Amino acid sequence: MLVKIGMNIISVLDVNEQQEYIKLTVSFDHRWHDDFLTWDPAKFNGTTSIIVPADIIWMPDVTVTSTVLDTEYIIEKKDLNPEIKYTGDVRLNFGYVLSNRCEMKTDNFPFDSQECVFVMSSWSFTTNKITLEHIGGQRPIQNLNSEWDVFPYTNETTDYYLEPENPRRRIIYRMKIKRKSSYYVWVIIAPTFIISALSIAGMFAPFSNTGDREEKVSLGLTTLLTLAVILSLVTGEMPRSTNLPLLGRFVLFEISICVLSVALSICTMFLHQRATTRQWAVPRWLLYIVLCRRSDRINDGPEIKLPKSEVDSDQKRSESLKKDAENVAVKRLYPILFQLLVSFIENGETSERDVISHIFESYDKRSRPVRNDSQVTLVKVRMNVLCLLEVNEQQEYIKLTVSFDNGWHDNFLIWDPAKFNGTRSIIVSADMVWRPDVTVASTVLEPEYITEKEDWNLEIKYTGDVWLNFVYVLSNRCEMKTDNFPFDSQECLFVMSSWTYTIDKITLEHIDDQKPIGSVKDSFINIFQ
């Protein structure tokens, strides 16, 4: 069986040099042929394709074998929906956050480039059962990392052996990233050079016409301490390898120059002290080398002792403390509010049970709820921000609590209220109804649902309109522009889309009545108004 695979990089989230892995959001496109999923469109009202839950069909176990952490699916595997065409061709598209092994070569840090390798293969099937093929073409990366430039990947297909005479096919993707070095140039390299230059100049500058100059040694030692701190910052970001990065070698070279300057200053002070206490004459060859000649007007008098000059060179380091403002009140309030919601159900349980029995008697949640496959399902989406929890500048994401309202029309969930004691709406478990796979595609971590998806409830009106409301903690990609820090402002983009359905099946519409962002308590009250 031939399985075609396409990989598209959505955004690069993090490059961890110490643990040597790269974290990014990717989408995969898997295609294969199933001989048992074919039909004649003429016998089924011209239906040429259907979308079904992934757990009812066979799927190849092709996965990324070079991952280093658990894969965080943007949509849970049980909620994936492949598309099946009448010819038996199956297509599955899904996205997840991938943490992949990436060997770091930091000899030229911070002017380095890295090559990360992604390996896709099947764990179970050999080449006589499944063979892999790459789908040509890749979409441009939507969100670039502010620290790295990302280049298009290359791919190759090879065979490997886990056991003799049973080869397995794999696809190797190679992606090149290059570090943006301007930050390190202006924050580390330039200050290190300036500090070293000032230190060297201070070593040989005359503090006084006569007397000792032991303050030069204090200046040199303070400079050495500063450079040692800078070197520790550089090595703290790099993996423990045998080779010192280029930036580390630069700082170490500056330290060596400062050490040499301090040693020369100590020698000069020693010779100066000997010359003044024992009245040594300066050798003629030394005067000839430095082009210096002693004036006859100079009087050899008693040694004049001058007070020592004090040089303040205290180095202060400030650390910014960040707080994770995780609001546990959300998780505590929601069960109470859910009970309040349930309390709104009035008398008439018999009528509601009759409605449920009536509309779900022949209902199939696996298919899109339209009478004709050519009809387009309109999904209305509304997002309300309840609470901002965290803004992570280093990893460039924002964490917040949001609520989503999804509304759509289901042609198979319609009834006459007059026949059911005037019941105009019911609330049922979300697992009983077809739901669009609309989700936030720009997330960087797996969403943390306040209420488990198995416990969701949605409202169905007698007209067939379905409304679903849910709340979760969202970690969303947010490219940080810190040129004006700390007077900066950031713009974060939230992308909502369907992984499976195209616009001829599902179209999205925003409900333009955003509620104001308030406290957690006020926000939850607004949800149920």
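Cβ atoms here come from the backbone N, Cα and C positions, even for glycine.
What TrEMBL records for 2-179 (among others) is domain 'Neurotransmitter-gated ion-channel ligand-binding'. Predicted-model confidence for the domain 'Neurotransmitter-gated ion-channel ligand-binding' (2-179) is 89, expressed as mean pLDDT.
Residues or ranges marked as transmembrane segment in TrEMBL: 183-205 (among others).
Among the features that TrEMBL reports, domain 'Neurotransmitter-gated ion-channel transmembrane' is placed at 188-295.
For the transmembrane segment (217-234), the residues of the chain that approach it from at least six positions outside its boundaries are 109, 188, 191-192, 195-196, 198-199, 202-203, 245, 247-248, 251-252, 254-255, 258-259, 261-262, 265-266, 269, 311, 313, 315, 317, judged by C-beta separation under 8 angstroms. Annotation comment: TrEMBL describes 217-234 (among others) as transmembrane segment.
Taken from TrEMBL, the feature transmembrane segment covers 246-271 (among others).
Summarising the annotation, TrEMBL assigns domain 'Neurotransmitter-gated ion-channel ligand-binding' to 353-515 (among others).
With helix defined as DSSP H, G or I and strand as E or B, the domain 'Neurotransmitter-gated ion-channel transmembrane' (188-295) counts 77 helix, 0 strand, 31 coil.
Panel annotation: around the transmembrane segment (246-271), residues 107-111, 184, 188-189, 192-193, 195-196, 199-200, 203-204, 212-214, 216-217, 220-221, 223-224, 227-228, 230-231, 234-235, 238 of the same chain, lying at least six beyond its termini, place a Cβ under 8 Å from a Cβ of the stretch.
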